[in-house]
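Peer 1: Dropping the structure in here first, questions after.
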Amino acid sequence: MSSKLVLSSVLLLTCVACYYNSLNCGFVFDDISAIKDNRDLRPHMPLKNIFYNDFWGTPIHKEQSHKSYRPLCVLTFRWNYAVHQLEPMGYHLVNIILHSIVCLMYYRMCSMFLPEVSSFVAAMLFAVHPIHTEAVTGVVGRAETLSSVFFLAAFILYTKATRRKRVTGWRPLLLSMLCVLTAMLCKEQGITITGICAVYELIVAQKLRLSDLHCLLRSALGGKGSFHPAWTSDVTKRLTVLAVATVCLLMIRLQIMGSRLPVFTRFDNPASVAPPPSRQLSYNYLISVNLWLLFFPCDLCCDWTMGTVPLVSSFLDPRNLATLISYAALLLLMYTAVVTDNRQQATLIIMSLAFLILPFLPASNLFFPVGFVVAERILYIPSMGLCMLVAYGWTQLAHKRCKKLAWLLLGVMLLVHGCKTYSRNLDWENEYTIFMAGLKVNQRNAKLFNNVGHALEGQGRFDEALDYFQKAVRVQEDDIGAHINVGRTYNHLKMFKEAEDAYLKAKSLLPKAKPGESYQARIAPNHLNVFLNLANLIARNETRLEEADLLYRQAISMRADYTQAYINRGDILLKLNRTKEAQEVYERALFYDSNNPDIYYNLGVVFLEQGKASQALAYLDKALEFDPEHEQALLNSAILLQELGRAELRKVARERLLKLLRKDATNERVHFNLGMLAMDDRDIAGAEHWFRRAVQLKDDFRSALFNLALLLADDHRPLEAAPFLNQLVRFHPDHIKGLILLGDIYINNIKDLDAAENCYKRILQLDPENIQGLHNLCVVYVERGNLLRAEACLLRAHQLAPSEDYVLRHLNIVQTRIHKMQLRPHDLIGEEEEELEVQDTLNSQETLLAHLTEPKVPNRDLIEDDHRLNNHQQDSEDSSSPYKFDKTSSVADPMRSRHNARHRTGDSALTSAQLDTSGHEDPVSAHQHVLSGQPASKRDRLTARNQLNSHSTS
């Protein structure tokens with residue numbers, strides 16, 4: 001077995017040992033936006049979308065896109081999703097594999113400039129360096145590792161193309177350019193490998209010295225000197241290919257971006273909006289910060305934005321000394337490469353500096369502002385240059401009779417770095433651990449306090465979350481997102497006055513319009529969420545709906561493509577019964593976001609409000625076309641299909657409900673509607689199974705309890721039905737139909753007249769003119785033999801409902817018996833024989849028994865609290881059941897979208913408002929709407945109920 005194979009195996013084992021514990025980590029920070037909330041990963045989305053959208057799934061042409069174009073990296077996420085959906089372990093496993101491949105390729109690349117053992121040392125240092133944890137353990141760091149694979153492949157292939165000095169290897173050269181393109185499509189900095197290849201061509205392949213390059217440059221510019229390099233036309237061709245490829249790729253990249261840079265806030269990169277010379281001094285100081293992290297990766301942090309690195313405000317700031325030392329060190333290395341007579345040393349230093357500096361330049365802020373101050377992940381490739389330099393220094397130390405000391409220092413460094421990497425992986429376990437780890441080293445970043453608050457909020461620890469949000473406000477008083485977070489948490493704590501005050505404070509911090517200046521261009525889109533949050537809070541009070549509508553209109557006036565504001569405004573208009581306007585608002589939203597399934601869903605609800613079921617179903621199906629997993633569209637379209645009453649459509653409805661059940665087996669509404677479908681198919685056993693499951697999942701499920709009891713009663717099992725009815729009236733004492741059915745069972749089966757009388761009296765308390773309750777109370781009096789009281793009761797029933805024939809018939813029967821028995825008014829209770837005689841007489845009349853009718857119900861109205869669709873009354877002579885199944889599938893909740901307003905760090909741009917995922921019902925609701933079964937309630941709209949933070953986790 002060759003030594004190279006052994007060393008490669010050790011390198012692989014080292015990578016696995018350092019990072020295997022990252023397999024237990026979840027999705028944190030930017031992973032949420034790039035993986036969990038990115039619809040481009042879903043199999044139902046067209047594959048071409050990844051080439052039109054940015055890394056986070058936002059169309060690249062939109063202003064809120066931060067222009068990170070990495071379609072091949074997104075493609076690998078999509079493959080991960082196809083295999084194991086949102087199971088984090090698979091994503092982390094791929095990252096470890098990619099890091100291992102990069103280490104092996106780096107080992108191969110280092111062997112071009114260093115001895116084999118030194119190359120192995122450089123590769124080991126690279127494998128265990130703690131600065132890489134963000135790139136390897138963070139799932140979105142795959143952009144770095146995947147780009148690095150093709151980055152190194154492009155370089156290795158280019159070196160093959162230059163092996164023969166006078167002949168170009170065109171095949172490896174073209175493959176190298178293809179790898180450059182691939183690297184750039186994984187991460188933007190991949191294009192910098194062309195610069196490194198050019199340095200290699202001149203310094204290594206052509207063996208030029210830096211002094212020769214100076215003469216060559218002067219000669220090329222037409223100045224003094226006539227330096228003529230001894231190279232062939234093939235060298236010129238290769239350099240031309242590099243230059244043309246670079247220019248073409250840059251042009252393509254600019255075209256994809258729409259020839260405009262993304263816009264970032266001062267919170268993302270404070271130096272970008274600082275005046276000179278503070279901006280330039282701060283940017284140059286950041287170079288020393290990055291070098292410090294490479295040499296001493298002890299204090300690592302996932303987020304370096306906002307106030308983490310205070311601005312260098314003047315030339316007298318002592319931190320300028322660090323900047324000078326950094327530049328001096330780099331210049332000293334370059335000077336050494338110029339003056340040294342050791343060719344290998346000069347080559348090693350120059351190539352190391354090329355790997356260290358060139359890939360870092362796009363993220364340095366020196367040429368254009370980026371969306372972060374410092375980002376550890378972007379040091380993944382630059383660290384290759386540092387590791388080469390350290391390995392070369394170690395080699396020199398080992399050769400100067402300090403071999404034992406050199407190996408000892410190397411062992412200690414590898415052990416310390418390996419342990420740091422292993423422990424740092426544990427910080428990435430979940431959002432709470434990663435942000436708390438950040439706060440241990442950084443107390444000046446309000447975003448970290450906000451994100452710890454979000455993590456606590458997700459666990460329902462609202463008091464603790466509020467404390468962290470308020471700390472964020474104290475750290476950065478003008479942080480609009482922090483005030484929004486405070487308001488949202490007050491909402492959770494039911495402190496609505498304090499919530500409104502917090503939102504008003506956030507609103508007051510918005511920048512004010514200036515004459516002749518576009519307001520839309522001056523405000524962060526996610527800060528507009530304050531209008532949505534405040535409007536959602538105000539809309540709790542139905543007398544302030546117009547005020548809420550005004551806030552939505554203000555948000556839209558500031559940003560015409562703010563689709564969340566359109567969605568919420570449509571909800572308000574529906575509450576105001578202005579359905580036509582709501583339709584127009586949703587259609588306007590489609591103009592800006594024609595691929596948004598929530599808008600199609602809401603349009604479906606609008607058409608339901610207008611009584612246009614076919615159009616409603618078409619829009620619900622359209623929502624499913626864009627998002628086959630859309631839970632509300634699946635559920636409500638299934639109900640609509642069921643209501644159409646056709647067997648083939650019921651099959652489609654059942655498939656959609658079963659699909660929902662596979663997604664969430666604990667959704668009681670799905671079980672309920674499957675039970676309703678079973679009833680339509682006359683599958684009594686199946687219906688009973690689904691209703692029982694619904695009740696097990698939600699013991700106060702009004703409709704499931706009633707329908708299950710009615711099913712059991714109709715199946716001649718009234719004693720089994722009684723416990724469910726008692727459970728129903730315990731949770732819902734105003735359920736009149738349940739009380740009627742329970743009283744019927746008490747009379748006819750349990751023979752408990754007192755309990756039956758209590759049921760009917762309760763009904764009359766709720767509705768004094770309820771004919772069924774009053775009539776059945778009359779029956780109780782008859783059962784007791786109290787015919788005079790029964791007569792008075794029936795007379796009142798007849799007065800209330802003179803058109804009800806069965807009441808008149810029953811009254812005549814009772815009066816006939818009274819006349820036969822010649823009862824006097826004071827004979828309230830007859831003898832026992834008289835009771836039996838009256839009871840026999842009444843039992844001979846089927847129409848007097850307690851199988852009584854329901855009030856009329858609308859025919860096939862989805863929003864009524866009934867299942868069967870008869871619109872006639874059934875009296876006791878009807879052989880069918882007198883009760884109707886309750887059609888409601890849940891108590892209707894107001895609605896909120898599930899994208900998390902996550903403010904991205906790193907290379908993120910301003911993003912539009914994302915949606916809150918807190919999952920609580922105040923004053924906004926969980927994203928759980930169905931076609932409501934509550935009487936007089938509207939079908940629920942999907943509203944963008946933002947309770948957002950512009951600096952939340954992502």
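Note: Cβ is positioned from N, Cα and C throughout, glycine not excepted.
These came from TrEMBL, pasted as-is:
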{"type": "SIGNAL", "residues": "1-18", "note": "signal peptide"}
{"type": "TRANSMEM", "residues": "114-131", "note": "transmembrane segment"}
{"type": "TRANSMEM", "residues": "143-161", "note": "transmembrane segment"}
{"type": "TRANSMEM", "residues": "239-256", "note": "transmembrane segment"}
{"type": "DOMAIN", "residues": "259-330", "note": "domain 'DUF1736'"}
{"type": "TRANSMEM", "residues": "321-339", "note": "transmembrane segment"}
{"type": "TRANSMEM", "residues": "346-368", "note": "transmembrane segment"}
{"type": "REPEAT", "residues": "446-479", "note": "repeat 'TPR'"}
{"type": "REPEAT", "residues": "480-513", "note": "repeat 'TPR'"}
{"type": "REPEAT", "residues": "563-596", "note": "repeat 'TPR'"}
{"type": "REPEAT", "residues": "597-630", "note": "repeat 'TPR'"}
{"type": "REGION", "residues": "870-954", "note": "region 'Disordered'"}
{"type": "COMPBIAS", "residues": "908-917", "note": "compositional bias 'Polar residues'"}
{"type": "COMPBIAS", "residues": "944-954", "note": "compositional bias 'Polar residues'"}
Peer 1: Just give the helix, strand and coil counts over the repeat 'TPR' (480-513), going by DSSP.
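Peer 2: Residue counts in helix, strand and coil order: 26 helix, 0 strand, 8 coil.
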Peer 1: May I ask for the residues of the chain that lie six or more residues beyond the signal peptide (1-18) and have a Cβ under 8 Å from a Cβ within it?
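Peer 2: Distal contacts: 96, 99-100, 103-104, 107, 116, 120, 123-124, 127-128, 418, 421-422, 425.
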Peer 1: Who are the chain neighbours of the transmembrane segment (346-368) in space, where the CB to CB distance is under 8 Å and they lie at least 6 residues beyond its ends?
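Peer 2: Contacts with the transmembrane segment (346-368): 113-114, 151, 188-189, 192-193, 195-196, 199-200, 203-204, 209-210, 261, 269, 271-272, 283-284, 286-287, 290, 330, 333-334, 336-338, 340, 375, 378-379, 381-382, 384-386, 388-389, 392, 907.
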Peer 1: What is the number of residues in the repeat 'TPR' (597-630) that are helix, strand and coil, as DSSP sees it?
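Peer 2: Its residues fall into 27 helix, 0 strand, 7 coil.
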Peer 1: What are the helix, strand and coil residue counts for the repeat 'TPR' (563-596) according to DSSP?
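Peer 2: The counts are 27 helix, 0 strand, 7 coil.
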Peer 1: Averaged over the repeat 'TPR' (597-630), what pLDDT does the predicted model reach?
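Peer 2: When the pLDDT values over the repeat 'TPR' (597-630) are averaged, the result is 91.
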Peer 1: Give me the DSSP three-state residue breakdown of the domain 'DUF1736' (259-330), ordered helix, strand, coil.
Peer 2: 33 helix, 0 strand, 39 coil
